[in-house]
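As given in TrEMBL:
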- S44, T45, T163, G185, D187, E188, S204: aceneuramate binding site (BINDING)
- Y133: active site, proton donor (ACT_SITE)
- K161: active site, schiff-base intermediate with substrate (ACT_SITE)
Amino acid sequence: MKGLYTALMCSFDEQGNVNEKGLREIVRYNIEVSEVDGLYVNGSTGENFLISTEQKKQIFEIVKDEVGDQVKLIAQVGSLNIEEASDLAKFVTDLGYDAISAVTPFYYKFDFEEIKDYYNTILEGVDTQLIIYSIPALTGVNMNLEQFGELFENEKIIGVKFTAPDFFLLERLRHAFPDKLIYSGFDEMLLSASVLNVDGAIGSTFNVNGKRAKQIFTLAQGGKIDEAREIQKVTNDLIEEILNNGLYQTIKEMLKTQGVNAGFVRKPMKQLTEERAIKARELAKKYL
Ligand code: NGF
């Protein structure tokens, strides 16, 4: 399960329906061009929190059907509706996904006992392994070392997708839990996280920048820090432009220049203006 995973985009049509052909093209591009080790399906980048349960299932099915056993698949099933999360966990396990992941429950201020119960409930009666999805900037949920340790006591919880700039906590986690899988979540911090010996990374920009990300990770693992830093610099030039222009929209527009029908974003996200679309195409020309 180690390595680089693309946080997969989904292609939607103008009405917000899943565009099956476009989704299959995004999957193929990631496998054949970006050459990532796996896909993280229905995460933030997949606009998961904007779609229905039926659409989530549709996407899980299409991706598994397109991938087969070519690369590893992690299914993000976390939801504020715990029955939905449990149902999706069973659904993807039956489909043959390699692991599940679940975002920490957000919006309401859940205490740690509630968070722990959420994970244990999702895993009840389902024969799979789970990766915690920790993204405090979006969820407001900050867990400390001891709390991660308590969650990790459940042997089915095999790791964490760590999307935070807290490198002190990341180092402490790595040191305390050498046998758990730690994935870096911020692509602009991949080199720094790799130096701390993470097992892999999961990122949105890998949809278009997967090759550079792989180089950063591999070079860092081999101790070639100067070379890795050069590539992280180019990567961050790109990420800075993408973030300024509109994250998911810009990645979609860049994919379109490569013949991949990445479609539209779902409301309430707004589409790119023509000016920003032109900028995205320029970025594709320069970086892809
Ligand atoms: O998109 C976000 C929101 N974070 C992603 C990634 O952590 C999300 C990150 O790649 C993800 O894995 C998922 O889709 O579930 C950033 O987009 C990237 O580093 C640019 O900041 O924070």
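Quick reminder: no glycine exception, Cβ is built from N, Cα and C everywhere.
TrEMBL entries are annotated by machine, without manual review.
Distribution of TrEMBL features across the structure.
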residue: S44; record: aceneuramate binding site; Cβ contacts under 8 Å, 6 or more apart: A7, I135, L138, S204
residue: T45; record: aceneuramate binding site; Cβ contacts under 8 Å, 6 or more apart: A7, L8, M9, S204, N207, Y248, I251
residue: Y133; record: active site, proton donor; Cβ contacts under 8 Å, 6 or more apart: G43, Q76, G78, S101, A102, V103, T104, V160, K161, T163
residue: G185; record: aceneuramate binding site; Cβ contacts under 8 Å, 6 or more apart: S134, I135, K161, F162, T163, A164, A201, I202, G203
residue: D187; record: aceneuramate binding site; Cβ contacts under 8 Å, 6 or more apart: A201, G203, S204, T205, F206, N209, A213, T235, I239
residue: E188; record: aceneuramate binding site; Cβ contacts under 8 Å, 6 or more apart: Q232, T235, N236, I239, E240
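Using the Cβ center of S44, T45, T163, G185, D187, E188, S204 for aceneuramate, the list of other same-chain residues with Cβ within 8 Å runs, in sequence order, A7, F186, I202, G203, T205. Residues S44, T45, T163, G185, D187, E188, S204, recorded as binding aceneuramate, reach a greatest CA to CA spacing of 17 Å. Counting Cβ atoms from all protein chains shown, T163 (aceneuramate binding site) has 25 others lying within 10 Å of its own Cβ.
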